[in-house]
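According to TrEMBL, the feature compositional bias 'Polar residues' maps to 233-254, 931-940. If you look up TrEMBL, you'll see 941-950 marked as compositional bias 'Acidic residues'. The domain 'Phorbol-ester/DAG-type' feature in TrEMBL is assigned to 20-70, 83-131, 149-200. The domain 'Ras-associating' annotation in TrEMBL covers 262-351, 353-452. Look at TrEMBL and you will find 542-680 tagged as domain 'DAGKc'. The region 'Disordered' annotation in TrEMBL covers 233-256, 888-950.
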Amino acid sequence: MAAEGHNVDANLVDMRPNHGHYFVKKTFGKPAYCHHCCDKIWGMLTTGYSCEMCNFVCHEKCLRTVVSYCSSVALQLIKNPVAHTWSAPCLIKRKYCCVCRKRTDDALSVECEVCEYYVHVDCSDLAVSDCKEAATYVANMESANTVQYHHMREGNLPKESKCIVCRKTCFSTECLAGMRCEWCGQTAHAVCYRQMDKECDFGVLRKIMLPPMCLTIPRTELPMEQLLNISSHDQPQSLSSPSKIQADDVSTSGEDVKEREDFEIIRVFDGNNSYRSQISRNIVVAKHVSVQQVRDAALRRFHINDTPERYYITQVVGEVEEEILEDPVPLRNVKRPEGKRAQIFIRYYDDPDKDEVKVYGGWLRKVPVTFCAISVSKDTVVQDLVTDALYHFGLDGSCWNRYNLIEVSLDRGVAERTCNPQENVLQLVRNLRKDSLRRYHVVRFYVQEKEDPHDHAVFVGNLPVSLAQRQYERILLKLLGAKEKPFTAIGPIYFEYGSLIITFNTPKAATAAVQKLQSAIYEEKKLIVLCLPNVQPQMIPKDVEPLLVLVNVKSGGCQGTELIQSFRKLLNPFQVFDVLNGGPLVGLYVFRNIPKYKILACGGDGTIGWVLQCLDIAKQDAACFSPPCGIVPLGTGNDLARVLRWGGGYTGEENPMDILKDVIEADTVKLDRWAVVFHEEERNQPTSSGNQTEMNEQTMNNPEDQTSMIIMNNYFGIGIDADVCLKFHNKRDANPEKFQSRLFNKTQYAKIGLQKMFFERTCKDLWKRIELEVDGRIIELPNIEGIVVLNLLSWGSGANPWGTSKEEGNFSKPTHYDGLLEVVGISDVSRLGLIQSKLAAGIRIAQGGSIRITTHEEWPVQVDGEPHIQPPGTITILKSALKAQMLKKAKKSRRGGATNATSLTHPHPETSESMSGPLGVPSTLGDPNHGKTTPDNTAADSDEEGDAFL
């Protein structure tokens, strides 16, 4: 996007009064397309027009009807700037840069995680901070008086997009063309979109959208990535600071300027800061150009779209001195340091007595104009400027002390600074111009109320589990280095997970605490610290049930990452959470005051169980006691998802929009949940010492210390199936890097099964060594090596051990909400493989609402795919008082993706369901720290136990 200084005035068409373009007549040697009408510019060596600043290309016939704004003036069109959240740099296919309008698959590029904004890394310092404004709550304003407007973005439209106005195709694969609303997804031509209704209704997702007008976010200096709970990426140089543009990057109409003697490359500095850091931009100009042409080329290179006569050019003389260039042909006498290019400054003609400052109303209530221009003198201070601005906005200027003047910089993001009321405004503006003209043009002044309606809540995780509140307070005070509490409240406290919420009075105190705690480590664990948004439930329309999206990004390989990015773009990004960063409790706390909402859990069976378990904890203080939960199956087994018709696995081919539509149409059903209580039998210990005797007596007197409990959603197993599952888990834990594909996992399962069949029949005669009671009746067992207790008719990646034959005897048709469990026997390893291969069924033993198994030796057991060795004792399965409502996909909505295990994309087995929660690990009753593991241990979706024996 170099400024081309050789252009003749007759060829230059200045479109600044309308849309900011600097069009130059150009001969195209390659096929080109008009960005206005999307038609090809026909003919060999045909001529058209191209903007020198943004590369907008058009026919001569389209020149006077262009309505698309140049990227150099896009910043001026923003009312309230919002910083983008950039992805990691990569080559992005079939997209176009929103700054230079060129393809993004030709150079490293980044995209916003929240909106459809794509930009080259080299163009990123010119990117416009106009991301979706997802939190717009205004205090004391009723829901009926709020209006949501479209957020239009040019180009990169989906295929087959139709104009909402003229009903014709409006997308193009050859150039950046067409307009689309980031909220409702409506598309239109650039010449048609102004005829659209200004008000946005969120389109087909309205019923599950969390409206921006009900959300507030903290006024902090923290980056948007942290507010959105998005893992930060390592930014390339151009995203963290302006890059030094080299001569090789600059060309004139495709020719190599370095080999032409009549052109020269000049380094341009826009202020003292850029000169001190030696950060410049290069322009290419003909040696015979005038000083005005050099000035105009320099302004265009910095995307400064202003009256050129207000600026002048100086050249660098020595280290700090400057000399104004007044020669009509300046390059004749410009000084060139030995072995270096000529260096010039671009400066602004300052009026020593007065100036004009634009002040924006921003989020002030009922402001009739976006901004007002106020004249300032040498004596004007910030307090006076605020007073004048309030009068212009139709507010009471005498109440200036209730407002702050905020200096907002839009240079590579959004940075804020509160101005001192006695700060001299004229000197402030002059200093900005002197330091950097580019920065001056991307700085705005906003009037903002001092009273912040936001509740400054901070989530802190990875603390020790099951401590008292006073102990947590001491830990926080120590980490914050404070003698007195800097926070106003602590709680709720999620003791089982070592997580809590602390609340602050001011954004300054919250920001300081977050910055300290972010780098804190306690007991060799790095804390998880998040600033949380605040939902105002009274602003949510009555017919809207917002969707809380919880995604395990490591499920299904990279599918979780792709899915969460799609959901952030389709919905409000503040209603989408990564459960690996704080767990489901973060999202559940944010939604705690919403009286009616839905949940979409994206992960395997382990993730679903984790979400339900956290919901059991969080719903005690929530307005919605039991929100229904839908599933996007990203794991391997996905048995619960199969039963609820969500399919056997997300393949990546499904459209995320279709998934959300399915959630809207889904039916609500109940899911029985069961408590699996493990009680170890009392064992006599050696009494050689008095201390040991005392310990045994204490154990005898406290039988609860030997009791633990797990909530079961899917199934329970004891014997051969749990033994194979345990063996596989041990091997995977020892070498997690080897278990990278589903095929390898199947091979390992088959290998373990063969070993068990021929060499290690440790579960032989299980039917003689355990006792089974169903509803108080002792059941005589057949010759089996394993027992599976089913809550669902799906087990081990879609197999059905109960079978599909007609019901026999007193057995009723099983469902997941009938209050009954099905007990199935597995005769040996070979039968286990046949069941998994769907070639046979197990042995139906019993059906009942209460199961009791008595053992006199250690046995491998598993609950929902999580195995462990259980000591001798009793295992009781009872119906839990914890209920769950699930979303069952309606029969009429069927996505095109496959619904069987063979069509799954191979997940990352080692990390596909890694999480911080107690799912599948016995949590001991009475003493939470006593038992097999503590609740902060990670659990994994272990759906692979049924993946073998094909």
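Along the chain as shown, residues are numbered 1 onward.
Cβ from N, Cα, C; glycine included.
By number of Cβ pairs under 8 Å, the domain 'DAGKc' (542-680) is matched best by 83-131 from the list 20-70, 83-131, 149-200, 353-452.
Contact between the domain 'Phorbol-ester/DAG-type' (20-70) and the domain 'Ras-associating' (353-452) does not hold: fewer than three of their C-beta pairs are under 8 Å, each pair 6 or more apart in sequence. In terms of DSSP helix, strand and coil, the domain 'DAGKc' (542-680) has 54 helix, 31 strand, 54 coil. The DSSP breakdown of the domain 'Ras-associating' (353-452) into helical (H, G, I), extended (E, B) and coil residues amounts to 33 helix, 34 strand, 33 coil. On the 0 to 100 pLDDT scale, the model's mean across the domain 'Phorbol-ester/DAG-type' (20-70) is 87.
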